[in-house]
Amino acid sequence: MTEYESRKWMILVATIWIQAFTGTNFDFSAYSSELKAVLGISQVQLNYLATASDLGKALGWSSGLALMYMPLWSVMFVAAFMGLFGYGIQWLIILDFVSLPYFVVFFLCLLAGSSITWFNTVCFVLCIKNFPSNRPLALALTVSFNGVSAALYNLAAISLNPSSTHIYLLLNAFIPLLTSIVSLIPILRQPPVDPLPSDSIKHEQLIFVLLNFLAIITGFYLLFVHSNDLSTARVIFGGAILLLVLPLGIPGIIYARDWFQRKVFSSFTLQGSGFLLVDDDDLEFHREFLSRENSQISVTSYGVNGDGPTLTLSLTRFIGSSGDGDEGSCCGKMIGEDQLFMLGEEHKAEMLVKRVDFWLYYFAYFCGGTIGLVYSNNLGQIAQSLGHTSMTSTLITLYSSFSFFGRLLSAAPDFIRLKFYFARTGWLAIALVPTPIAFFLVAASGNEAALQAGTALIGLSSGFIFAAAVSITSELFGPNSVGVNHNILITNIPIGSLVYGFLAALIYDNNAAAGFATFSIQMVNDSVVCMGRKCYFSTFIWWGCLAILGLVSSVLLFLRTRPAYERFEQNRRIS
């Protein structure tokens with residue numbers, strides 16, 4: 001392995017570490033009940049604090065602006081100190097070392113949430129710059145580890161103090177800073193980026209396959225290997241750290257055994273864009289191909305003659321043809337109106353918000369991934385109201401692990417496309433199916449098994465959506481505009497956090513006021529805890545119905561975009 005290649009893989013591993021330890025908003029439910037008690041606030045006010053953390057995603061553009069004037073490493077440390085200040089002060093508040101008004105705590109949550117988007121920007125830039133030939137694989141792998149943050153923090157918290165919940169805030173404050181320090185040297189020693197020969201691209205692709213297998217092992221380890229015993233938990237946490245360090249050895253093994261790679265590649269078909277669903281080169285060809293008015297490729301025969309094999313194809317462009325013969329029906333008009341003709345067409349912001357497909361996509365995300373994120377923010381109160389307070393850390397780990405698996409599964413269409421091709425928007429619709437099922441399951445039964453099963457399904461579904469969204473935005477509305485367009489899309493997260501969380505908190509407080517509440521010794525300033533299935537029953541029904549609307553939106557999006565995906569696949573094969 002050359003020195004430059006070694007540096008590149010060090011950067012990828014550093015990016016995995018950053019993502020794995022900076023998803024700090026996923027453990028909010030672990031300490032939310034204690035924060036609510038100390039501040040003496042209602043469930044509605046607690047929801048506003050969760051919304052403040054999610055509002056950081058609406059401010060993601062600020063990190064891009066900072067990169068225009070600051071080096072990458074300094075942006076990473078600004079993010080670390082934002083988290084240190086935001087979470088650290090909240091930890092002091094819970095310990096009663098300082099007393100601050102509610103609006104200041106709101107600002108601290110906003111600051112801590114913003115730090116996560118800054119870290120994400122650093123990771124995206126590192127992947128895009130250092131892996132231009134396999135950028136989608138690098139992004140999918142590293143983003144997946146962001147979903148496992150809560151499970152790692154849960155292990156760390158149990159290792160330090162199993163009886164404390166405010167320890168999560170202390171970990172949220174310091175671990176990202178320590179991770180930034182460890183990642184500094186690889187970032188400062190980034191190698192120059194040169195075009196890779198085809199053999200090197202294949203080397204990279206095989207390494208990504210092995211890294212995904214290692215990621216799956218890490219996810220299962222965090223899901224099934226756990227203990228509340230202090231000493232055992234420390235050993236388990238050490239094993240998790242070892243699994244995060246192991247990727248450092250894989251590139252060395254691969255490049256040291258070049259002869260083995262040739263044998264492996266003889267049995268794998270990892271060639272060019274066939275390994276990925278859509279990359280920039282494919283999209284560029286696709287746009288050029290369809291931009292020729294009435295273009296035709298005419299070939300009349302395929303056979304073997306004296307000059308060798310010849311191939312003749314005939315392709316005629318039919319603009320505006322959706323492939324659906326039922327143009328006159330109401331459903332046909334709904335699907336055909338303002339329909340995308342091809343993938344990869346660049347959409348500026350003003351053009352984007354006028355597209356029907358964008359709003360179907362926005363609503364599918366709003367009623368899918370976002371509603372799952374709000375559910376995770378309420379896990380502490382949900383478990384408490386159902387009498388399963390001791391299960392809170394288990395549920396957090398369960399949601400985190402299955403969110404991780406969902407993110408990894410978002411790359412499955414790319415791996416199996418040579419065997420089975422299906423539009424990515426169709427996979428999005430399939431991924432939304434478990435969400436309403438999970439909410440109705442939890443509403444129907446409040447026992448431990450139903451709660452665990454529902455949490456796992458919601459984590460799997462929302463994780464897939466979070467990871468697949470970047471690729472879908474790029475494919476539908478253009479790769480060059482994805483930075484702006486995806487930030488517009490994820491504005492639904494703070495909106496959904498506010499709306500869904502307010503709905504849940506309002507029902508919770510109303511049930512508490514109606515007599516389904518009990519006061520804990522730890523509660524102050526009239527803060528109450530609602531106990532019983534009624535606290536969240538109506539919320540689960542509402543969320544389930546909204547998830548069905550999101551599923552309907554995703555199905556309509558699939559039907560409207562399927563012809564564009566089919567055209568793209570046909571043109572890619574011809575190319």
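The backbone N, Cα and C atoms fix where each Cβ goes, and this holds for glycine too.
Looking only at the domain 'Nodulin-like' (8-251), the predicted model's pLDDT averages out at 84. The domain 'Nodulin-like' annotation in TrEMBL covers 8-251.
Sequence-remote contacts of a segment are chain residues at least 6 beyond its ends whose Cβ falls under 8 Å from one of its Cβ atoms, and for the transmembrane segment (72-94) they are 18, 22, 24, 31, 34-35, 38-39, 63, 66, 100, 105, 108-116, 118-119, 121-122, 125-126, 166, 169-170, 172-174, 176-177, 179-180, 183-184, 187-188. The transmembrane segment feature in TrEMBL is assigned to 72-94 (among others).
Taken from TrEMBL, the feature transmembrane segment applies to 100-126 (among others).
Long-range Cβ contacts of the transmembrane segment (138-160) within its own chain (Cβ-Cβ under 8 Å, at least 6 residues beyond either end) map to 12, 15-16, 19-24, 26-27, 30, 120, 123-124, 127-128, 130-131, 167-168, 171-172, 175, 208, 211-212, 215, 218-219, 222-223, 226-228, 230, 233-234, 236-237, 240, 376, 393, 396-397, 399-401, 403-404, 406-408, 410-411, 414, 459, 463, 466-467, 470-471. The annotation transmembrane segment is assigned in TrEMBL to 138-160 (among others).
Look at TrEMBL and you will find 166-185 (among others) tagged as transmembrane segment. Taking Cβ pairs closer than 8 Å, the transmembrane segment (166-185) reaches residues 14-15, 17-18, 21-22, 24, 27, 30-31, 34, 73, 76-77, 79-81, 83-84, 86-88, 90-91, 94-95, 112, 115, 119, 153, 156-157, 160 in its own chain, all 6 or more past its ends.
Residues or ranges marked as transmembrane segment by TrEMBL: 206-224 (among others).
Residues or ranges marked as transmembrane segment in TrEMBL: 236-256 (among others).
Annotated domain 'NFD4 C-terminal' per TrEMBL: 344-563, in sequence order.
The transmembrane segment annotation in TrEMBL covers 358-376 (among others). Using a Cβ-Cβ cut-off under 8 Å and counting only residues 6 or more beyond its ends in the same chain, the transmembrane segment (358-376) has close neighbours at 26, 28-29, 50, 54, 150, 347, 352, 382, 396, 399, 425, 428-429, 431-432, 435, 455, 458-459, 461-462, 465-466, 469, 472-473, 476-477, 489-490, 492-493, 495-497, 500-501, 504, 543, 546-547, 549-551, 553-554, 556-557, 560.
Residues or ranges marked as transmembrane segment by TrEMBL: 388-409 (among others). For the transmembrane segment (388-409), the residues of the chain that approach it from at least six positions outside its boundaries are 26-27, 29-30, 140, 143-151, 154, 157-158, 212, 215-216, 219, 222-223, 226, 376, 379-380, 431, 448, 451-452, 455-467, judged by C-beta separation under 8 angstroms.
If one looks beyond the transmembrane segment (421-444) by at least 6 residues along the same chain, the residues whose Cβ comes under 8 Å of a Cβ in the stretch are 277-278, 361, 364, 367-368, 371-372, 406, 410, 412-413, 450-451, 453-455, 457-458, 460-462, 464-465, 468, 471-472, 475-476, 537, 540-541, 543-545, 547-548, 550-551, 554-555, 557-558, 561-562, 565-566, 569. The annotation transmembrane segment is assigned in TrEMBL to 421-444 (among others).
What TrEMBL records for 456-477 (among others) is transmembrane segment.
TrEMBL lists 489-508 (among others) with the feature transmembrane segment.
Per TrEMBL, transmembrane segment is recorded for 540-559 (among others).
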The answer for the transmembrane segment (456-477), taking Cβ pairs under 8 Å and residues 6+ beyond its ends, is 136, 139-140, 143-144, 147, 277-278, 283, 340, 343-347, 352, 355, 357-358, 361, 365, 368-369, 371-373, 375-376, 398-411, 424-425, 427-428, 431-435, 437-439, 441, 485-486, 489-490, 561
